[in-house]
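Novice: Okay, so TrEMBL annotates it like this:
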type	residues	note
TRANSMEM	75-95	transmembrane segment
TRANSMEM	157-175	transmembrane segment
TRANSMEM	187-205	transmembrane segment
TRANSMEM	225-249	transmembrane segment
TRANSMEM	270-293	transmembrane segment
TRANSMEM	329-346	transmembrane segment
TRANSMEM	358-382	transmembrane segment
TRANSMEM	388-405	transmembrane segment
Amino acid sequence: MQRLLFPPLKALMGSPCLRLLVPRAAPRTQCGCSCGIRSALRPGQYSTISDVALQSGRGTESLPSKAAERVVGRWLLVCSGTVAGAVILGGVTRLTESGLSMVDWHLIKEMKPPTSQEEWEAEFQKYQQFPEFKILNRDMTLAEFKFIWYMEYSHRMWGRLVGLAYILPAAYFWRKGWLSRNMKGRVLALCGLVCFQGLLGWYMVKSGLEEKPDSHDIPRVSQYRLAAHLGSALVLYCASLWTSLSLLLSPHKLPETRQLLRLRRFAHGTAGLVFLTALSGAFVAGLDAGLVYNSFPKMGESWIPEDLFTFSPILRNVFENPTMVQFDHRILGITSVTAITVLYLLSRRIPLPRRTKMAAVTLLALAYTQVGLGISTLLMYVPTPLAATHQSGSLALLSVALWLMNELRRVPK
């Protein structure tokens, strides 16, 4: 507690604004010796900041401080880690086709898994009433069902853990007065997005449980809802990580040159491109588009496959045609790694701090690693461990892009 209270107290003691607000003590009077002593204080006159706090009935604990900012920054860093875990676990759940194993949603009731044979059989019977079992898994055993059920159960429970990681500490920090006015708005938005993310996840699952009499396709969730679910998770992750880095990393006082301004803008555009590439992966996963053309650099025997525009109207192909979806993901991936390479070359022309150079080098290395993982996943027909690593790589790439943006951010005057 002393670490939290005393640093801001010392900073406030030297603040010129505060000296104007706090009434001054009476001037020193000279005695016969060489030391000075203060005369008695009149009512309403305070000698120190602590006296002001005591008289007003408020302690310095409620004042936002650098120490409090570091605590909040570390908390948001942990929160962004839990979101990353949820995204990775959700990807594995999708790759193992486990997302439709739990056919109902209860916030509290479903937290207790089945324990007896009768409870497991009842859960299995509920699953058998839905399209995935009727069309795809008619020969599934109870043991196989338990595996996919536990995968989805783990993902849902992790989502609840994410909610608790945000909401409970936020309420504590708010009560302690460790959040500035601006930070309160951010924290409220983050907590609201966490709740929205949970509701969106169930809305996504419902799309895969609906009966579709006119369709003979494999039951799967809507790729649109899957993309919305992943997109909101990525927004939550980026917002938490950016705020955390802004609180924990001291900004560099870089000279505002034309080259730096161009580099900063290019970094923002590159980060947006990386985000869009990761989001397009949701459409690839939702349509199993990674199993359409398993060759590189060509798609089959040609650079541009003939079945890119088989759907009508043409715009549907971008989001519903597996060939077009894989083609778009390839183009976005190649464009992203090209932009990152150019960004690195631009950063070499400007004298930058060592930490900023490290972020640029790390981003370049991760970009080429991610390309290698993507190509390997495609050529090997999307094995689950490799595909999960590729999905995790997109999060790592996005994280370092945010780190570099944070390194280049403008210092407020």
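Backbone N, Cα and C atoms are what each Cβ position is placed from, and that goes for glycine too.
Please treat TrEMBL annotations as automatic predictions, because they have not gone through curation.
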Novice: Going along the chain, which residues at least six beyond the ends of the transmembrane segment (157-175) come within the CB cut-off of under 8 Å?
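Specialist: Tertiary neighbours of the transmembrane segment (157-175) are 68, 71-72, 75, 78-79, 82-83, 85-86, 89, 111, 184, 187, 190-191, 194-195, 197-198, 201.
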Novice: Out of 187-205, 225-249, 270-293, which stretch has the largest tally of CB pairs under 8 angstroms to the transmembrane segment (329-346)?
Specialist: 270-293
Novice: Below 8 angstroms Cβ to Cβ, which residues of this chain, lying six or more residues outside the transmembrane segment (187-205), approach it?
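Specialist: Same-chain contacts beyond the flanks: 76, 79, 99-100, 102, 105, 156, 159-160, 162-163, 166-167, 170, 173-174, 179, 221-222, 225-226, 228-229, 232-233, 235-236, 239-240.
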Novice: Report, as numbers and ranges, every residue of the chain located at least six residues beyond the transmembrane segment (225-249) whose Cβ falls under 8 Å of a Cβ in that stretch; write 'none' if there are none.
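Specialist: Contacts with the transmembrane segment (225-249): 69-70, 72-74, 76-77, 79-80, 83-84, 86-87, 90, 94, 183, 186, 189-190, 193-194, 196-197, 200-201, 203-204, 207, 275, 278-279, 281-283, 285-286, 355, 395, 398-399, 402-403, 405-407, 409.
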